Number of protein chains: 2
Amino acid sequence: MASEFDLIARHFTRTAPGDILGVGDDCALFPVPPGMQVAVSKDLLIAGRHFYPDADPVSVGHKSLAVNLSDLAAMGAQPLGCLLGLALPSMDEAWLAAYARGFHALAQASGCPLIGGDTTRSLHDLTLSVTVFGAVPAHAALRRDAACPGDDIWISGELGAADIAYRLLDGQLPADAARLARTRRALEWPQPRLALGQGLRGLAHAAIDISDGLAQDLGHILAASGVGAELRYADLPRAAGLEGLDEATLQRALLGGGDVYELCFTAPAQRRDAVMQAAHASQTPVTRIGRIVAADGLCVLDAQGQALPHIPGGFDHFGGVA
Amino acid sequence: MASEFDLIARHFTRTAPGDILGVGDDCALFPVPPGMQVAVSKDLLIAGRHFYPDADPVSVGHKSLAVNLSDLAAMGAQPLGCLLGLALPSMDEAWLAAYARGFHALAQASGCPLIGGDTTRSLHDLTLSVTVFGAVPAHAALRRDAACPGDDIWISGELGAADIAYRLLDGQLPADAARLARTRRALEWPQPRLALGQGLRGLAHAAIDISDGLAQDLGHILAASGVGAELRYADLPRAAGLEGLDEATLQRALLGGGDVYELCFTAPAQRRDAVMQAAHASQTPVTRIGRIVAADGLCVLDAQGQALPHIPGGFDHFGGVA
């Protein structure tokens, strides 16, 4: 068994950058730039709950790191490194090699080297546990509790595709190969918005990444900040591949769909030009979708300025209603 | 399901110290003292592999953090905080409350606040994933690759009890309630040697914590440092409760027994007084058990100065031969 796990270790061990002590000691060691705080986040992913056991392992490797990097992006942090815990019921070296390839490709592209972790045999479940570390200047982190009445509400990228792809794969929507082909990349290859997050330091008031759905995750900002919000439904950026869906399905995908990993953030209305510059500099599309108000609660206005009677709740795709 | 998991979150959420942003944002944030590097370690523990499913959950909470803190101790790092990932097949609130009690008691005693994590429902396994962060002055970390010929080899505490308790509980040794009563505390309540590790900064050359057995873990120091070692078998500090065991069982417990979480370290012979002072200051017993030599390999000498013909290999109690 030792040799099997040594084999795994080799798939995951890369030479750490010169100033980092990586795999092979009791701890990994890394420096933190002066004046910076450390931002940390951790997610567990279990085959059959958080991803399909037969999903492309390269995409699983990518996504298991991406969802953690997205948390760093939402704080405005730059990645420093990551740890990977693998609990495996059995050896499937081809799966592991492909998983490692997806993981390392994103780690390298994001400047987030894998510097340590743990591998063990499990009894039943295949569990992935990723921890990421980043650096953010003290007092410049993008928190959830800093939204102010009058702030614009912005979102990066587009909404809805991951939700539709999930429902097609899960059989909740009738099979539609063409639609699936246009939407599944959003589900399987989310792109953490690291450059945008760092560009919003000192500019955005509050930020969060959308994992459980826009309405629910924006709700976390509202609750933490003690404010409310008005969203303009017609302004929500729709992904390609959503054409021809019934209105209820579309609303649920845009407002309630999870697995999005775009940044929702608030910024003062007088900083619109600066936000657009940060978006341009980070090559990330952003859309203004509403505003923060003093009164509690979330209101979604239709094109006629009428409040939607029902706002779809958040949905954790693989875990049930969030 | 959301409310069940909210309930769990309440068992684990404590107010973070003033300079830390804890649970409730995309990331936790903590400051790092100037001139310090960050040390990180992560372990996965699975019920039925790394601990008995019917073990006292308070001790499981303690041990799941202790084994990670032991890695910080072995680097000479002071704890800054930790993350906990819980993957649970079902809810057992009494178990969770007891687990949280054991975890938090050690976290508080060690100055290692729980600042974030993730909780999810698993399909089958109960998996605990703990990540710890510490701080160590740049260039003062106790690494594995710094042992020098002529160094003394030291060990903290005592050896053998955890191995015997495990073998009694596992039925590999005949039932012996009196012996189990004297040894099982070492197995279930290991004490990370944090104060000693920090006291050895600038004094010890190399260090490791004993998780897989003295012979195997010292072997990691030897391999990383490109040196060999002579151990004096008669000088190995024996825990209470080992009296009357046959010699093969005793040797296996002392040299091969895992789950020890004592520090094995090397230091120059001319610094013996300073090592004893560091041990006294940290209220940690230490014993000199051998020396580092230039020639490769590990040699264990008996009381007559003869090399033992066979050195018991490392053994990962719950995972098989390490």
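Just so it is clear, glycine is given a Cβ too, placed from its N, Cα and C backbone atoms.
Residues or ranges marked as domain 'PurM-like N-terminal' by TrEMBL: A:24-136.
Using a 10 Å Cβ-Cβ cutoff, A:Asp26 (Mg(2+) 4 binding site) registers 29 neighbours. Reduced to three states, the DSSP call for A:Asp26 (Mg(2+) 4 binding site) is coil. For A:Asp26, A:Ser41, A:Asp71, the entry in TrEMBL reads Mg(2+) 4 binding site.
Non-local contacts of A:Asp71 (Mg(2+) 4 binding site) by the CB criterion (under 8 A, 6+ apart in sequence, same chain) comprise A:Ala39, A:Ser41, A:Asp43, A:Val132, A:Asp209. In the three-state DSSP reading, A:Asp71 (Mg(2+) 4 binding site) counts as helix. The annotation Mg(2+) 3 binding site is assigned in TrEMBL to A:Asp26, A:Asp71, A:Asp209.
Taking the Cβ of A:Asp43 (Mg(2+) 1 binding site) as centre and 10 Å as the limit, one finds 22 other Cβ atoms among all the protein chains shown. Positions annotated as Mg(2+) 1 binding site by TrEMBL: A:Asp43, A:Asp118.
Taken from TrEMBL, the feature Mg(2+) 2 binding site applies to A:Asp43, A:Asp71.
The substrate binding site annotation in TrEMBL covers A:His50, A:Asp259, A:Phe315.
In the structure as shown, the Cβ atom of A:Asp118 (Mg(2+) 1 binding site) sits within 10 Å of 19 other Cβ atoms. The ATP binding site annotation in TrEMBL covers A:Gly117, A:Asp118, A:Arg144, A:Ser211.
Residue counts for the domain 'PurM-like C-terminal' (A:193-297) under DSSP, helix first, then strand, then coil, are 44 helix, 24 strand, 37 coil. According to TrEMBL, the domain 'PurM-like C-terminal' annotation covers A:193-297.
According to TrEMBL, the feature Mg(2+) 5 binding site maps to A:Asp212.
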- prompt: Could you give the maximum C-alpha to C-alpha distance in Å for the residues A:Gly117, A:Asp118, A:Arg144, A:Ser211 that bind ATP per the record?
  reply: 32
Query: Which of the binding-site residues A:Asp43, A:Ser211, A:Asp212, A:Asp259 have a Cβ less than 8 Å from any Cβ in chain B?
result: A:Asp43
Where A:His50 (substrate binding site) falls in three-state DSSP terms: coil
- prompt: In Å, rounded, how far does the Cα of A:Gly117 (ATP binding site) sit from the Cα of A:Asp26 (Mg(2+) 4 binding site)?
  reply: 10
Query: Out of A:Asp26, A:His50, A:Asp118, A:Asp259, the binding-site residues in the record, which is closest to A:Arg144 (ATP binding site) when you go by Cα distance?
result: A:Asp259
Statement: Among the binding-site residues listed as A:Asp26, A:Asp118, A:Ser211, A:Asp212, within 10 angstroms of A:Asp259 (substrate binding site) by C-alpha we get A:Ser211, A:Asp212
Inter-residue C-alpha distance, A:Asp212 (Mg(2+) 5 binding site) and A:His50 (substrate binding site) (nearest angstrom): 12
